[in-house]
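Record features (Swiss-Prot):
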{"type": "SIGNAL", "residues": "1-17", "note": "signal peptide"}
{"type": "CARBOHYD", "residues": "34", "note": "N-linked glycosylation site"}
{"type": "CARBOHYD", "residues": "65", "note": "N-linked glycosylation site"}
{"type": "CARBOHYD", "residues": "126", "note": "N-linked glycosylation site"}
{"type": "ACT_SITE", "residues": "174", "note": "active site, charge relay system"}
{"type": "CARBOHYD", "residues": "297", "note": "N-linked glycosylation site"}
{"type": "CARBOHYD", "residues": "335", "note": "N-linked glycosylation site"}
{"type": "CARBOHYD", "residues": "352", "note": "N-linked glycosylation site"}
{"type": "CARBOHYD", "residues": "415", "note": "N-linked glycosylation site"}
{"type": "CARBOHYD", "residues": "437", "note": "N-linked glycosylation site"}
{"type": "ACT_SITE", "residues": "451", "note": "active site, charge relay system"}
């Protein structure tokens with residue numbers, strides 16, 4: 001009898017010990033002296049196919065930082081860098097970013113796990129269509145759940161960092177925030193709470209709404225001029241003479257592109273730079289573009305109207321800036337033959353089937369992996385707005401443009417193909433994930449007011465019932481005046497709106513952490529009482 005009682009009694013002592021440490025204050029009483037970037041790294045043997053374990057395993061890499069960790073039973077702050085090799089995103093382990101800041105607040109350890117098929121976490125030695133079959137949404141989400149449930153963390157061999165014994169908090173931004181939201185929906189009951197910054201939750205193949213927040217937030221005279229430029233480009237490419245079309249391509253340095261849609265796409269690309277602007281930035285490529293167009297001096301945050309400029313001058317200014325500042329070295333890639341010229345346009349050419357972009361199956365080709373994700377289950381293709389809506393993205397770019405590229409990059413190999421070719425659509429994805437219709441539990445969403453990704457988020461103005469309302473179990477914070485994932489970086493705390501959002505979010509996560517220990521102490525006490533009676 002004693003040996004059966006010993007385990008629950010010791011477990012209760014551990015949890016109550018953690019409670020006594022955590023409940024009075026979630027902040028460490030003394031800031032640890034160890035401020036090194038990393039505490040260590042590990043290798044996890046991950047299943048290639050979670051429905052067929054016999055397929056085998058691969059080495060999934062992870063890193064951890066225990067600078068603020070309070071010991072066994074203390075929280076785990078979980079993060080994945082999504083579509084980036086982990087070695088390029090290890091700063092997310094530190095308190096210069098939100099995961100590290102939360103860890104500091106709740107005395108947690110940060111654990112960063114690399115996404116399958118990126119960086120060093122490769123199931124196969126090449127990225128053929130057949131090998132990419134295991135890069136599917138269910139496999140990706142199952143990776144992180146399986147990791148949390150079964151990993152033996154090197155810094156806690158006691159086993160008390162299991163999700164049943166300690167709260168695992170998943171923090172994500174951008175694509176990884178979408179994974180956060182979809183995990184909460186499809187794989188609940190492993191992670192205790194979630195923080196999703198800039199999560200696109202409603203799948204869209206024709207994502208023209210991406211443009212809207214940019215149009216609302218950018219300097220309005222720059223917006224008007226860009227709308228006029230894109231309208232002119234579309235008119236020339238749709239109804240101009242062959243000479244006029246070629247002249248326009250030459251003006252922008254894009255004469256080597258044979259497909260008009262590729263040229264239109266290239267001329268629309270600088271607009272996407274709006275997404276990257278952070279409140280702490282003092283100079284951005286986007287503001288540089290607007291300044292060049294109007295010979296003005298806009299800051300990255302200014303949104304007022306400027307003076308009107310003659311359209312021909314505006315067009316010439318944009319062409320000069322594009323050709324001399326944006327295009328040079330855009331496509332330069334030394335390891336690809338033909339891509340070494342300063343003004344190469346090879347990365348923009350989607351019809352040159354001899355291009356190495358179509359044949360590079362090496363596991364270092366992150367662009368191919370991301371293309372697969374987009375073609376398989378993620379979508380969110382930026383397109384031109386409907387004809388009755390002003391656009392800053394060419395209307396020549398529609399879902400067909402992207403789907404054609406999917407077919408060329410990922411030829412069918414036997415029965416192996418990508419999601420869209422197999423019948424996956426945005427509608428089927430939303431039926432699976434819930435899209436805009438969701439009722440979450442202990443998940444916090446944040447979105448920037450002028451973030452293009454807001455249009456697919458819970459705060460979207462395009463949501464049929466309007467932006468989703470915040471609840472106690474699913475708090476939603478709209479950060480005024482900022483773009484994408486601004487609350488992920490401590491340097492952005494210079495912005496009042498970002499600072500308040502971060503403080504509110506961290507306080508909410510802290511309360512949920514306390515809830516875990518409170519609820520689990522009651523459950524353990526009840527279970528132990530029942531066990532002793534019997």
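Residue numbering: from 1, along the chain as shown.
Note that Cβ sites are derived from N, Cα and C of the backbone, with glycine treated the same way.
On a predicted model such as this, the values are computed, not experimentally measured, just so you know.
Location within the structure of each feature annotated in Swiss-Prot.
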residue	record	DSSP class
65	N-linked glycosylation site	strand
126	N-linked glycosylation site	coil
174	active site, charge relay system	coil
335	N-linked glycosylation site	coil
352	N-linked glycosylation site	coil
415	N-linked glycosylation site	coil
437	N-linked glycosylation site	coil
451	active site, charge relay system	coil
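Of the listed recorded positions, namely 65, 174, the sparsest Cβ surroundings within 10 Å are found at 174. Neighbour density around each Cβ, counted as other Cβ atoms within 10 Å, peaks among the glycosylation sites 352, 437 at 352. Of the recorded residues, residue 451 (active site, charge relay system) and residue 174 (active site, charge relay system) place their C-alpha atoms 11 Å from one another. Residue 126 (N-linked glycosylation site) sits 27 Å from residue 174 (active site, charge relay system), counting Cα to Cα. Cα to Cα, residue 174 (active site, charge relay system) and residue 437 (N-linked glycosylation site) are separated by 19 Å. Neighbour density for residue 415 (N-linked glycosylation site): within 10 A of its CB lie 8 other CB atoms from the protein chains shown. Each of the glycosylation sites 126, 335 was scored by the number of other CB atoms within 10 Å of its CB, and the largest score is that of 126.
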